[in-house]
Amino acid sequence: MIKTQFDHTQQTPLTHLQTQLSPAAQHNFLITSYIKNNCPEIALEIYAQMRRMDTQVDSFTIPSVLKACGQSSFAVLGKETHGFALKSGLDGDVFVRNALIQMYSESGNVVLARLLFDKMTDRDVVSWSTMIRSCFRNRLFGEALDLIREMHRVRVKPSEIAMISMVNLFAGVADIEMGKAMHVHVVRNGKHEKLGVPVTTALIDMYVKCGNLTYARRLFDGLGQKNIVSWTAMIAGYIHCRDLHEGAKLFNRMLAEGSFPNEITMLSLIIESGSVGAMELGKWLHAYIMRHGFVMSLPLATALVDMYGKCGETRYARAVFDSVDNKDVMIWSALISAYAHANCTNEASQLFARMKNSGARPNQVTMVSLISLCAEVGALDLGKWVHSYINQQRVEVDVILRTALVDMYAKCGEIDMALRLFDEATNRDICMWNAMMTGFSMHGCGKQALELFEQMNREAVEPNDITFIGVLHACSHAGLVAEGEKFFEKMVRVHGLAPKVEHYGCMVDLLGRAGKLHEAHELIKGMPIQPNTIVWGALLAACKIHKNPDLAEVASRQLLQLEPRNCGYNILMSNIYAASNRWNDVAGVRKAIKDRGTKKEPGLSSIEVNGSVHDFVMGDRAHPQAGKIYEMLAEMIKKLKEAGYTPNTSVVLQNIDEEEKETAVNYHSEKLAMAFGLIATAAGTPIRVVKNLRVCDDCHTATKLLSKIYGRVVIVRDRNRFHHFREGSCSCGDYW
């Protein structure tokens with residue numbers, strides 16, 4: 001007899017059905033109804049009751065139960081149901097087999113899904129479509145394309161809806177060569193002119209997502225009769241590819257030819273405007289809606305809030321939100337996401353409190369936005385509170401939400417908790433693997449990252465380009481040069497992934513940190529693609545670490561050609577000159593910054609105390625407790641000097657006397673945040689600081705000593721990685 005946590009003595013309300021139905025039909029009807037209403041747990045209770053009552057389980061029951069297992073992530077019960085189907089002889093039914101493939105693919109077990117598919121002798125269109133979607137879900141794009149070709153070879157004709165679904169899958173990949181191959185498949189199954197507007201429109205969207213407007217426009221112009229959907233797809237395509245001028249021209253042409261936008265059109269264009277940060281276009285679309293009498297529906301208002309949020313205009317987002325009377329969970333979530341995008345921690349948490357009081361029930365989207373905000377600003381206390389709320393309110397933790405939690409704990413310095421959540425997951429997609437990999441990378445856990453990669457191989461999870469960025473970063477921060485070079489080669493030779501500019505940036509960083517500046521420069525010169533600021537920036541940073549001003553000048557010139565308005569490279573060059581006491585060169589760089597009218601990004605250190613985030617800049621006296629903070633700072637400096645600390649004044653760029661330099665380094669934002677942490681948190685508790693730039697050498701040395709002096713664990717997240725200071729040492733081993 002099956003055992004399940006839902007198995008209890010409470011009678012399931014079968015009285016809702018007419019008694020004319022057989023017991024099996026009654027149960028099947030209820031199971032299907034509860035699944036349609038997104039209540040898989042109740043559906044599984046009814047299935048458990050069927051088994052207790054020895055009610056016949058048939059080929060209609062099993063697919064529904066497997067779907068419920070997939071919805072509720074109960075992989076063990078799914079496997080038990082598979083075993084029952086085998087014993088009952090139901091596994092040969094095509095509907096049961098399709099449901100099994102779907103369940104295993106949703107749980108990430110694509111190998112078992114493919115094994116079941118290959119054993120099928122009577123595959124239908126659903127079988128093929130399910131297996132193809134499974135390959136896409138697990139990023140096995142080449143295998144998906146092979147399946148589509150095989151489907152054509154055995155003369156399985158997909159319906160128009162199935163064809164559109166497959167085209168949409170390729171649109172999500174955004175690979176032009178695969179897109180062209182899919183187009184060929186569409187043509188072979190009936191020339192696109194005869195397929196009608198829906199399939200052609202799907203192809204237009206696919207080419208747009210692949211970045212090929214020429215092919216998309218050719219298909220669009222070839223349409224005999226264009227409907228509002230095809231107009232919308234093409235105009236949205238131009239916005240997606242940031243060709244706003246051509247998009248506006250086509251919009252006006254649409255109006256001239258007598259086609260007028262509907263709500264779906266406006267939704268699509270507003271969403272695309274938000275995705276590319278086209279705020280002026282978004283404002284124009286907002287005005288068009290108001291001028292032409294569109295009803296401000298909840299979807300439209302939500303899209304506008306989301307668009308303004310992605311463009312960083314929280315004031316406009318809030319104005320639209322406030323104008324809506326009957327708010328649903330989506331618009332609440334959109335504004336919370338807008339605040340999260342702008343790192344407005346307090347506003348987001350206050351809005352979340354209002355949302356709860358309003359009666360709107362937060363969903364996974366709301367939780368992901370809040371958790372992502374906590375990850376970005378390092379607000380661990382708030383993140384823990386949100387996680388607790390998720391558990392208390394029994395919010396479904398799907399793979400996306402769990403990935404966000406893994407990412408949050410990793411970025412807030414709790415790598416052990418991130419790993420625990422990862423290990424507890426029964427369904428991991430590539431994004432979750434990558435989040436864990438990136439977490440290990442940020443914490444300098446190179447060996448753990450490599451072990452995780454091997455675990456991926458054992459579980460037949462195919463890595464993608466983001467996975468290798470995480471692996472290479474981990475090797476770089478741990479000084480694993482040989483291992484990094486091996487993985488860079490394996491990426492191409494074993495996994496068939498062409499290195500992107502980000503991967504070259506990782507390799508330059510890896511070699512540069514290890515002091516192999518010549519090899520790093522040679523790698524850049526031999527790149528088959530144009531090096532960007534990531535690549536040259538990594539070389540410049542390495543030149544600072546290893547004090548090589550000559551090569552630094554080469555990197556700096558390249559960077560200023562690529563981004564002449566970014567003075568950060570000048571500042572780094574000034575650091576390099578200052579470290580070599582080349583004050584005339586420092587003055588020349590500072591004059592160049594002044595002449596260009598550019599400003600240095602200020603160093604900002606943040607610390608969360610009692611759910612509120614406090615920000616500090618160098619010499620900051622704006623904090624309400626500034627007096628106490630500077631008293632603590634004076635105490636810290638005194639104790640540091642008693643412990644033998646000498647300020648590292650080489651980080652000060654001005655050619656001023658030594659005493660002034662000491663004062664300057666003492667007022668760095670990291671030290672102010674540390675001082676506030678010491679007075680605002682209980683003795684013995686960890687202090688967590690987030691720095692927007694790389695932590696300077698002086699603050700790194702000082703924090704090591706302070707961790708021992710005050711008996712505190714200090715966790716600092718800077719632009720590059722985490723530093724765990726404990727008892728006078730740092731987890732980075734002074735290699736950062």
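Any Cβ shown, glycine's included, is placed from N, Cα and C.
Remote same-chain partners of the repeat 'PPR' (124-158), defined as residues 6 or more beyond its termini with a Cβ less than 8 Å from a stretch Cβ, comprise 94, 97-98, 101-102, 104-106, 108, 110, 113-114, 117, 165-166, 169, 172-173, 175, 178, 181-182, 185, 188-189, 429-430, 461-462, 464, 496. The repeat 'PPR' annotation in TrEMBL covers 124-158 (among others).
Counting only same-chain residues 6+ beyond the ends of the repeat 'PPR' (227-261), those with a CB under 8 A from a CB of the stretch are 197-198, 200-201, 204-205, 207-209, 211, 213, 216-217, 220, 268-269, 272-273, 275-276, 278, 281. Annotated repeat 'PPR' per TrEMBL: 227-261 (among others), in sequence order.
Here the repeat 'PPR' (328-362) has Cβ contacts under 8 Å with residues 298-299, 301-302, 305-306, 308-310, 312, 314, 317-318, 321, 369-370, 372-374, 376-377, 379, 382, 389, 393, 395, 611-613 of the same chain, all six or more residues outside its ends. Residues annotated as repeat 'PPR' in TrEMBL: 328-362 (among others).
For the repeat 'PPR' (429-463), the number of residues in each DSSP class (helix H, G, I; strand E, B; coil) is 26 helix, 0 strand, 9 coil. Annotation comment: TrEMBL describes 429-463 (among others) as repeat 'PPR'.
For 644-736, the entry in TrEMBL reads domain 'DYW'.
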Which value does the mean pLDDT take for the repeat 'PPR' (124-158) in this predicted structure?
82
Looking only at the repeat 'PPR' (328-362), what are its DSSP counts of helix, strand and coil residues?
27 helix, 0 strand, 8 coil
